[in-house]
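What follows is a single structure, written as structure tokens, with notes after it.
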There are 2 protein chains.
Amino acid sequence: MAFKTDIEIARAAQKKPIQEIGAKLGIPTEALLPYGHDKAKIGQDFITGLKDRPNGKLILVTAINPTPAGEGKTTTTVGLGDGLNRIGKKAAICIREASLGPNFGMKGGAAGGGYAQVVPMEDMNLHFTGDFHAITSAHNLLSAMIDNHIYWGNALGIDERRVVWRRVMDMNDRALRDMVVSLGGVANGFPRQTGFDITVASEVMAILCLASDLADLERRLGDMIVAYTRDKTPIYCRDIKADGAMTVLLKDAMQPNLVQTLENNPAFVHGGPFANIAHGCNSVIATRTALKLADFVVTEAGFGADLGAEKFMNIKCRKAGLAPDAVVIVATVRAMKMNGGVAKADLGAENVAAVQKGCANLGRHIENVKGFGVPVVVGINHFAGDTEAEIAAVKEYVAALGSEAILCRHWAEGGAGIEDLARRVADLAEGGSADFRTLYPDEMGLMDKIETIATRIYRAGSVTADASVRAQLKAWEDAGYGNLPVCMAKTQYSFSTDPNLRGAPEGHTIPVREVRLSAGAGFVVAICGEIMTMPGLPKVPASETIRLNDAGLIEGLF
Amino acid sequence: MAFKTDIEIARAAQKKPIQEIGAKLGIPTEALLPYGHDKAKIGQDFITGLKDRPNGKLILVTAINPTPAGEGKTTTTVGLGDGLNRIGKKAAICIREASLGPNFGMKGGAAGGGYAQVVPMEDMNLHFTGDFHAITSAHNLLSAMIDNHIYWGNALGIDERRVVWRRVMDMNDRALRDMVVSLGGVANGFPRQTGFDITVASEVMAILCLASDLADLERRLGDMIVAYTRDKTPIYCRDIKADGAMTVLLKDAMQPNLVQTLENNPAFVHGGPFANIAHGCNSVIATRTALKLADFVVTEAGFGADLGAEKFMNIKCRKAGLAPDAVVIVATVRAMKMNGGVAKADLGAENVAAVQKGCANLGRHIENVKGFGVPVVVGINHFAGDTEAEIAAVKEYVAALGSEAILCRHWAEGGAGIEDLARRVADLAEGGSADFRTLYPDEMGLMDKIETIATRIYRAGSVTADASVRAQLKAWEDAGYGNLPVCMAKTQYSFSTDPNLRGAPEGHTIPVREVRLSAGAGFVVAICGEIMTMPGLPKVPASETIRLNDAGLIEGLF
């Protein structure tokens, strides 16, 4: 049997008209705003009309710390949705949209893989329904209005050195990281240093993903801090009077997108905030809408459970009033081996001891997630080279912790390969054993929140922070921001801040180098390491080989 | 009777599903890619299948030199399309898409006005089907790849001081006009001075509007000159290997958009290049597709006939093998008065003498357009304050030139108010009297082409240009670009380069200050005055008052 690539499988998909997919969830045709024949936005009026319906069960898919071996979190999310539908459950998935920029750097950006994919893959990796373009436009309108305000007399007294609102572009373009703008004399404004971030790093993106409706969106946009005066008084987006026009630009983007899996099950794909300086989950409005329409909603969070699940629980669920009914932690034998010290080149050889050693990473995540009061099951995403002994080692390790690890073959077999996990997840979620609790209360101090995450989730021995960082946190508490959750920006590769420290380290130190206030999104970002908000292209970017072939098909994008 | 605003009329429109509009032209539902229920793109495969069909009649709507009084060119284009349909002709219109940026500066951007509008107006003034966002992304991908090439060793030997490819944004943002990028040290590249233009000024926009299909698009993108080496050897987009990926980004944008008029007649709205540094017409692919599907296609060109019609004939028609069958020149009594010396504040008072004097501007345009071998009719776009004597003065003046001026009330009455003009246009176009010829042959020298336009269209006495400009033109001729048409960038308010010189001046001097080569679009730009490629926002931009009201409707955008 010839091996098919992801894109070959995706192109062979027997897609159904998006209206038929919507009908599976009871969405009438007129409530779907089609984008082509296989994508649609769900109309705001229809969403508003759902508010008194009961919610379905919410399943979070998270993972061990990512390794170069790959863990397949999105693939498992897609597969689990298909598996639940196969066992007769009315299920939908909720995932994030892809960022355009990185697709032109490295290959990749697919939505799932193998026989667990969301389609149309090409569109999802290009402009899709234009949401990210709308976010870019809204963000940069505010930027233009800030410089325009300064140009026309600066009535608000903005300190040009303290404009914290940068510009954004959905592109990997290192040349835009650091620049001096408004050169060229009197007609062009007051020169100042600034730069561009990639669009997914925009606070507007985080807000779109946390806002409950357009009114909430507008309020949050208005709350964003864009600059400071010389005496450090904050200037808000509202002061610039950009919040109304930005909301108009985001009106369509706020409506969730509906597409389908290869097995023609509904997939909500909406929003895509960074998982470091933001919370890394799809939009609240998509998750809420899916919960009103499906009995089971499978969603995922960025990176490993130490970052992604923690933020899903402490930021998204807290702020949106959501509570997961079960959590799936995705692991692979290969990733366990790498956590156990095996190099990527040596992953082909059976190594049960390394698997056992690497399971410490998985065990830590299981323990952490259970701490949120939610039942956990492990999904082992099967790779062709996994041996029975290695798989058994993972299962035994997890069983010893009082949980269960279930082998899943959705990559090779689609929904049929993940029915066991689907049944277990359905049982857990319907069993009602979940008793969700966040890790810390709103009223805990900001530094205490950071320390709580660091010690309870990362198992750090201590947190260090300069006096200036502590003073800044104190100042924000005094200004009324003390009740916000904390968004940790840390390497995704380790529980520590050292990306090479795999497994389950403890007693390490978490240095908080910088803190930022996302007053509109509603969280304080604690930066523990280098965070890149504008990527660059590699020496030979994928864009050099991306093209349309003679058949009009896209080559090189995947 | 209460007076209704444009937006009130547009919102009261009884829109039909876009599939019904497509059906009027014989477009099957599956060939329409819907964007919501009232917009669609026409599929490339369907367009390809039309190539052996005969063409309908092509009608160009152009105008006198614009004045602050307004002439209503788009309104007349829309009205004439409706009028032709009312008298039983199968007609479609082709107009340009609106740029997002300027809508946040000054009020405006509507597609037509009164009862001669294209809908959905809100969408058309916001993201529409995302074409301009796609152009922005494609343009800036090339920019990122150029700086990335320099960063990774600069194998092509690009002189960083001679990168002529800037970046673009669909925003009025003067702070981006002139900047130094790649600051911040080794990791961010080599600092150099550059800037952003507004998206409609991108050569990618001009190319999208002139390309016949995706293969032609890719070839033209590859032909663009992006930089020079130290010895002034041009570096092409093709050398950067960006042309393939840019084509992928533009794949959907190349498909024309279909919307409808208030009277449910088909409207193609596609592309929107600047009318100064580019040719200012909607896309060739939209015009050609419309000609295959309708018996009459009404289109317009930017600014007055001295710029817009001249470029339509000498660039678009020449390059696309199109030939107009009739031309409508739009005039208003108010604009004639302003051309006759009346100030805007005094337009309310009858002034037949001023109308007669101002008609010189109209007369010049009639004579010029006739020079292209195409029959001409004048449409007087009626305003409420026009007096019978003033209207009669225009008609008499035009009659004395051997043409006809017809009063049109489409703004107030829709298609019913413009039936007389529609009948006359149909007669002219069907009469077969058109014998289209361009103003100059391909093989004429570049400087001679400029002088031909200046003396024959602008009626200048002379053209001045520095030796460096003449040497540059000569160098391009030697490099094989001598057969390109010339794209004049000049004030739209006068036949001369003095915007205050109304009427029909002659014997003036046209100074060519700068020339630019758009090697991919396929024209040489001759800049005769200050051309702004990145607008700024006014002191109180419209964006400060644009918002969603409590009913969810957009306020302040129109």
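Cβ atoms are placed via backbone N, Cα and C, with glycine included.
The ATP binding site annotation in TrEMBL covers B:Thr67, B:Pro68, B:Ala69, B:Gly70, B:Glu71, B:Gly72, B:Lys73, B:Thr74.
Comparing local CB density within 10 A for the binding-site residues B:Gly70, B:Gly72, the maximum falls on B:Gly72.
Take the CB of B:Lys73 (ATP binding site) and look out to 10 A: across all protein chains shown you find 26 other CB atoms. The Cβ of B:Thr67 (ATP binding site) has B:Arg334, B:Ala335, B:Met338, B:Asn339, B:Tyr493, B:Arg502 as same-chain neighbours under 8 Å, each 6 or more residues away in sequence. Of the listed binding-site residues, namely B:Pro68, B:Ala69, B:Glu71, B:Thr74, the sparsest CB environment within 10 A is found at B:Pro68.
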